[in-house]
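Per TrEMBL, these features apply:
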{"type": "TRANSMEM", "residues": "26-47", "note": "transmembrane segment"}
{"type": "TRANSMEM", "residues": "53-72", "note": "transmembrane segment"}
{"type": "TRANSMEM", "residues": "93-117", "note": "transmembrane segment"}
{"type": "TRANSMEM", "residues": "129-147", "note": "transmembrane segment"}
{"type": "TRANSMEM", "residues": "229-250", "note": "transmembrane segment"}
{"type": "TRANSMEM", "residues": "270-295", "note": "transmembrane segment"}
{"type": "TRANSMEM", "residues": "307-334", "note": "transmembrane segment"}
{"type": "TRANSMEM", "residues": "354-376", "note": "transmembrane segment"}
{"type": "TRANSMEM", "residues": "507-529", "note": "transmembrane segment"}
{"type": "TRANSMEM", "residues": "541-562", "note": "transmembrane segment"}
């Protein structure tokens, strides 16, 4: 479909680059139109209702469904063809993660359907059609990503570029819609909490577009309305993960892959006990802190201040541990001399860009808090804990980003085939060959080396030869024994170095496991409503209520996504180390 005249390097690349530019511009305009429609609905623009926004999203999902079904049917008819695959894209753990989020998203859709049934008298039909369409879209998309996330498309490239980029920005718009809906709910709770802290001069009226009619079943309506907002964080993560996987698929269209041996890196719990134990302690304590925070915040001024103080002290301790672990890992890397893998890899490049890009969200909030503490005239006691907390958030992300990016760019150590097939023999004084102590004993440095028997490790040959002559010269025996001793010394030196390398690797795996669980722990508080940036009130005094709320609503989704993406990247680091 995209055959060019002339040389392959010129004729083939020019139309592909044009198709990439055209498809990217199509996707951006698609996203901007949806973003403007979302904003218009949020600010109650004249003539724009929620049904208009949902109709737009339903149309985008239906178009994506048609494309995915066409691609799946075409793949079934061509399943015997050998296709190139990007082994770095669509890792199994990533597919399992997006499947988990998709299952919870389906539960969210069922809650929305139940909510629509109870309020059907005053809700638009689009609010009932949307969750049904979204559920079908979710099922087909997850199946598509499981089967084809690794594909490198080489046919119908122009058409596929538009189909994939349409899918990318459809998921981004669904993510934006979820973020906005969840943020509006958080803002209403935020206003109530600030009033309990003594900030009673807030006059802004917040609206979450509640239905203007009574529910048919009050109990069910309460369950559905409350449950929806607790499930939104998983829906948000699902769409952002789907968009990143689809973006990698888009970047891989028409890509030429160098075929080389790939080494599987399965996840193993062996050797990471220490990191897992400390990480689980942090995870458990974080869940407890979040539960207490959500119960105490907004009850009274004293309880709210205690909840904020408790949160800050716990977060400071966890962030300090994470900074220490990251510094240790970087120091170990400085002691190693291993080259970096600089080959082109869309998935790895996107991982690095997302780490730095999404970290900017929490950096913005942290610098805002630091500036508010410096400029504020009155400082309640609990606000001083915000200063070290904000500084540690900035430093920890600096260190962690450097560790993750260097880890995913480091070349994996390859086991030498000659080491895999070691043959261990000894030379005895009787001029006969016999097996030495077991490989495990030699590997661990426990083999006995005495005057009668010297073990020797082979690398493709025999280090000593049997003296066939009945009356062999003593000089040859002495030479053979000296040679075997030299080989043994060098081999045991190799294994001592290998033991040191294994110790470093074990430390790195424990650090990666600990940071993985810590990032999951730090994802939980903001995802489930524990957001001191909303609740401490100091930033609102300095910047004003509306400006600061806008900053938080823009930056918080990126901060939440950073933690989940960091956890995913650290899982990959643990498997790779």
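Sequential numbering from 1, following the chain as shown.
Backbone N, Cα and C atoms are what each Cβ position is placed from, and that goes for glycine too.
TrEMBL does not curate its annotations; it predicts them automatically.
Small disclaimer: the values here were computed from a predicted structure and weren't measured.
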With a Cβ cut-off under 8 Å, give me the same-chain residues at least six positions beyond the ends of the transmembrane segment (93-117) that come close to it.
123, 127-128, 130-132, 134-135, 138-139, 141-142, 145-146, 149, 216, 220-221, 224-225, 227-228, 231-232, 234-235, 237-238, 241-242, 245, 267, 568, 571-572, 575
Hey, which of 53-72, 129-147, 307-334, 354-376, 507-529 has the most Cβ-Cβ pairs under 8 Å against the transmembrane segment (541-562)?
354-376
Using a cut-off of under 8 Å between C-beta atoms, tell me which stretch among 53-72, 229-250, 270-295, 354-376, 507-529 contacts the transmembrane segment (129-147) the most.
53-72
Honestly, do the transmembrane segment (507-529) and the transmembrane segment (26-47) touch, with at least three Cβ pairs under 8 Å and pairs 6 or more apart in sequence?
no
Which sequence-distant residues neighbour the transmembrane segment (307-334)? Criterion: at least 6 residues beyond either end, Cβ under 8 Å.
278, 282, 285-286, 289, 292-293, 296-297, 381-382, 385-386, 388-389, 392-393, 395-396, 399-400, 402-403, 406, 410, 504, 507-508, 511-512, 514-515, 518, 521-522, 525, 530, 532, 535-536
Restricting to the same chain and to residues at least six past its boundaries, which positions have a Cβ under 8 Å from a Cβ of the transmembrane segment (53-72)?
30, 33-34, 37-38, 41, 124, 126-127, 129-130, 133-134, 136-137, 140-141, 143-144, 147-148, 160, 163, 166-167, 170, 173-174, 177
Cβ-Cβ under 8 Å with the transmembrane segment (229-250): same-chain residues at least 6 beyond its ends:
23, 86, 89-90, 94, 97-98, 100-102, 104-105, 107-108, 111, 138, 141, 145, 148-149, 151, 153, 161, 164-165, 167-169, 171-172, 174-175, 178-179, 181-182, 185, 346-347, 350, 354, 527-528, 557, 560-561, 564
